[in-house]
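*Asks:* Before anything else, here's the structure in question.
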Amino acid sequence: MCLPMQSDPMQPVPVRVLTRRREVADTWTLELEPGDAAGRPFAPGQFNMLYVFGVGEIPISLSGDSADPHRQVHTVRAVGPVSRALAALSPAATVGLRGPFGQGWPVEAAAGADVVLIAGGLGLAPLRPALYYILSRRARYGRVALLYGTRSPGDILFRRELERWRRRLDLEAWVTVDYAGSDWVGCVGVVTNLVPSASFDPADTVAFVCGPEVMMRFAVAALQKAGVDDAAIHLSMERNMKCAIGHCGHCQFGPLFVCKDGPVLSFERIRGLLSRKEI
Amino acid sequence: MNTTSDLALITPDGVRRLIEVLTARGYRVIGPTVRNGAIGYDAIDGIDDFPVGWTDEQDGGYYRLRRRDDAAFFGYAVGPHSWKRYLHPPQLRLWRAERSGDDMRIIDEDDEPPRDAFIGVRACELNAIAIQDKVFLGGPYVDPHYRSRREGIFVVAVNCAVAGGTCFCASMGTGPRVGSGFDLALTEIVHDGAHRFLVECGTDVGAQVLTELPHRPAPPSDIEAARAIIERTAQSMGREMPATDVPALLRRNLEHSRWDNVAERCLTCGNCTMVCPTCFCTSVEDETDLSGATAARTRRWDSCFTMDFSYIHGGSVRSSTRARYRQWMTHKLSTWVDQFGTSGCVGCGRCISWCPVGIDITEEVRAIHEGECDGDDS
Ligand SMILES: Cc1cc2nc3c(=O)[nH]c(=O)nc-3n(C[C@H](O)[C@H](O)[C@H](O)COP(=O)(O)OP(=O)(O)OC[C@H]3O[C@@H](n4cnc5c(N)ncnc54)[C@H](O)[C@@H]3O)c2cc1C
Ligand code: SF4
Ligand code: SF4
Ligand code: FES
């Protein structure tokens, strides 16, 4: 049956790699064409499925600015066969793209409130579009704080941008590392230790959290301790994904399909699931 | 069942004619037939391909064919196959990709599927098809491969005249009487006179097909006989799902000690998911040819019992048998309701019969229900 290309949500669109930049030792940022003259609009927190010819297809968050739907920016950590092949692509190479998929950060609903963004490691990548969104509409939000934790000073992602953000007077940007040499003057310790230092009104705060699952559990505990409501805490979940459209079953998390109900989910919805092992 | 005037009677020769008419109308006719010691669903040419005079004995981890003392066409319950083989094939090439230099092209691979006529679809199976419709057609994304197979089917349903040893559709509200979703529905009558079939039309196409068969109006005595047959089947179910709010029961018992108990028996072979008519999970495989110029993606049935199923960098989310069995059963009976507004189980009993160690989903629910205070964390 010869269905028109777009009618099969499992069929990727070939797009070219425009630029490739090394971020840290194992992580690269690729800018891709949208594969559509009109651009490929996305919301902060959404992801695309990226296919490397003959190797496989994986979910990768959009890490660029949603104001520019003509550039699909992805930050990829090379951890296995597909991500390694993806990160190794040079400009002009073609990848298959499907997306965008999923529910992103509730950036609109957060307007008027203080916003705390907590990122662990590569978790900064899916949060960056939310920060771009908020900063470009800065007056509509209360206080904004970014708390970012990573392994070592050499693992700091988007370093130049972080330095710029730290210089802003309308944004509190904290960076902490797990371990560092004597040349590091910043914080050392886990990112959740920064929560009490950040200034926000817990009764009127929306928190966006992305990082390894353990780190997110600790972040939730720290936010709860500070007085932030469960419904105001949003996490981006990671699960195995083969389809991204709710058909393959792989991403199930209790009653939720992380691909279509998430990846961003309010803690209120997943409270009973996140606390259990092997759900 | 409809009013008396809609009901007709056909003979075994009428069923033979039905297969001819459907074939002449361009359908590939799929029906029950004996394959490798079990009754499966395969392409058939005529009534001789049916399991004439066979029945099945089923129990936990047990399935055997046995001779009946009559020549019934449909005198058995369901076997290891279900219609999902045809609507949601076990393996399907989704597309092919070609590469030259830096360029890549994606080419649709799924050929126009045959138009299928299914003969012998049971009530539980009609419900299973309706459930997969919700999964593949009911969400924001439609699976075009499922849709193109599903759209054209002609369904000849059969009201069950015998219940299998592992059947429990009556307690799931999904059988044994067929409700909707068929073009024609047959009830086979083998006693008190000649071998005959009461026919009910479910659609206009079904009614048109019936006009091409030798038939006569059904006498009230046969309508009553058919009613009694279905009633008797409902009364002789081999298994029963406990009459309680099962979704809520499982929701509050995610840490029940019974999960450890079942984990000691389950082999994580995934048979239960393969034979289940509603299990829809798949994986995709990407491969290239030797020259590296063409690649392809194939979709295959997958099972939540494998380690790879929940693998994310660093390890599987559900590495213990306990967690994998719990995922399967809570999905079937509890979270499915949250996702699709219906249970994911139609009570067909396949997972019980085809489990090598005879694990019984109704028994597991009963054990959790009866031992609720034990390990309860609600
Ligand atoms: C919503 C979402 C957003 C993500 N965003 C990013 C991002 O921005 N940057 C980034 O670097 N990584 C991201 N990831 C993680 C990334 O998808 C995995 O690192 C990647 O799938 C690993 O595949 P691999 O083949 O390179 O490595 P391996 O871990 O060795 O994987 C082996 C095989 O397992 C499968 N597999 C492993 N993990 C996953 C998974 N999560 N989903 C599907 N299949 C998997 C793959 O099919 C792969 O072939 C995201 C994951 C999700 C679910
Ligand atoms: S879970 Fe078992 S009884 Fe229920 S529909 Fe699936 S195979 Fe049939
Ligand atoms: S329940 Fe039975 S059929 Fe299912 S995975 Fe376990 S051993 Fe296999
Ligand atoms: S990734 Fe396939 S169902 Fe979510």
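Using the three backbone atoms N, Cα and C, a Cβ is placed for every residue, glycine included.
Just so it is clear, the model here is predicted, and its values are computed rather than measured.
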*Asks:* Looking at the [2Fe-2S] cluster binding annotation from TrEMBL, with A:Cys243, A:Cys248, A:Cys251 already listed, which candidate in A:Cys210, A:Cys259 is the matching residue?
*Replies:* A:Cys259
*Asks:* Among the binding-site residues A:Cys243, A:Cys248, A:Cys251, A:Cys259, which residue has its Cβ surrounded by the fewest other Cβ atoms within 10 Å?
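*Replies:* Minimum Cβ neighbour count within 10 Å, taken over the binding-site residues A:Cys243, A:Cys248, A:Cys251, A:Cys259, occurs at A:Cys248.
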*Asks:* Would you list the other residues of this chain near [2Fe-2S] cluster - those whose C-beta lies within 8 angstroms of the C-beta centroid of A:Cys243, A:Cys248, A:Cys251, A:Cys259 - in sequence order?
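*Replies:* Output for this site, in sequence order: A:Met241, A:Lys242, A:Ala244, A:Ile245, A:Gly246, A:His247, A:Gly249, A:His250, A:Phe257, A:Val258, A:Lys260.
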